[in-house]
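One structure is given here, and the rest of the page talks about it.
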């Protein structure tokens, strides 16, 4: 058993929202609305329990990565015969906040059950579900279906590695192309995309400081996107596994 390896993922702003509902007797709801539950203010305690649950997700679930939480909010809605909980969890991380949002809702509902168990033996937690998530790979990753690529490399082994990644992305190969990738040899770049190059360099350095100096260059030459990769299997795999999905985004924005 093991966790999913997220080493190659990019840290991005991510958000998840979840929902849950517990059914209660109308008499119990009345006590909640009148703030007469013996253990105290149920609504506020439920919000706090949800926040606490979100923070403890990585400890409760063995395969869930512990990730930083930049924002957690719980909304509690008291209805005639049920109580609804909505959670929002946000942060900058390599993986999403779905489990944190779901755990927040679940913990909040369990708190309702705990605070009311002496008052209501008919309670049922009816539903817990993810409402939405954003900021992950699905938001910015674009395949290269229909994109023509000119791939140049003297080293056949390195060429095959890059070719396999490009095929997996859906690219086709041609002499006249909209994307030119060179392994080892420089190609003329009229306008380098400095912001992306800096991000790539930063992530590259964090992965392996000993490889610093073997730069990956990205930019435009006329109407074609140019990518220059060093003759390094590690660098080639790093680029495609971490930033391969951004290539399609660049071409779409051109």
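Cβ coordinates come from backbone N, Cα and C, glycine included.
According to Swiss-Prot, the feature active site maps to 114. DSSP assigns residue 114 (active site) to a helix in the three-state reduction. Within 10 Å of the C-beta atom of residue 114 (active site) sit 14 other C-beta atoms, taking all shown protein chains into account.
Under the heading substrate binding site, Swiss-Prot lists 63, 64, 65, 99, 100, citing similarity to another entry as support. Within the same chain, the residues at least 6 positions away from residue 100 (substrate binding site) whose Cβ sits under 8 Å from its Cβ are 16, 54, 57, 67, 69, 72, 89, listed in sequence order.
Secondary structure of the region 'Molybdenum cofactor biosynthesis protein C' (1-143), assigned with DSSP and counted as helix (H, G, I), strand (E, B) and coil, comes to 49 helix, 43 strand, 51 coil. Residues or ranges marked as region 'Molybdenum cofactor biosynthesis protein C' in Swiss-Prot: 1-143.
If you look up Swiss-Prot, you'll see 144-254 marked as region 'Unknown'.
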Extra residues within 8 Å (Cβ to Cβ centroid of 63, 64, 65, 99, 100), substrate: 57, 58, 61, 66, 67, 95
Fewest Cβ neighbours within 10 Å, where candidates are the binding-site residues 64, 99: 64
Cβ-Cβ distance under 8 Å to residue 65 (substrate binding site), same chain, at least six residues away: 3, 4, 6, 58, 93, 94, 95
Cβ-Cβ neighbours of residue 63 (substrate binding site) (radius 10 Å): 10
Whole-number Å value of the largest CA-CA distance among 63, 64, 65, 99, 100, listed as substrate-binding: 13
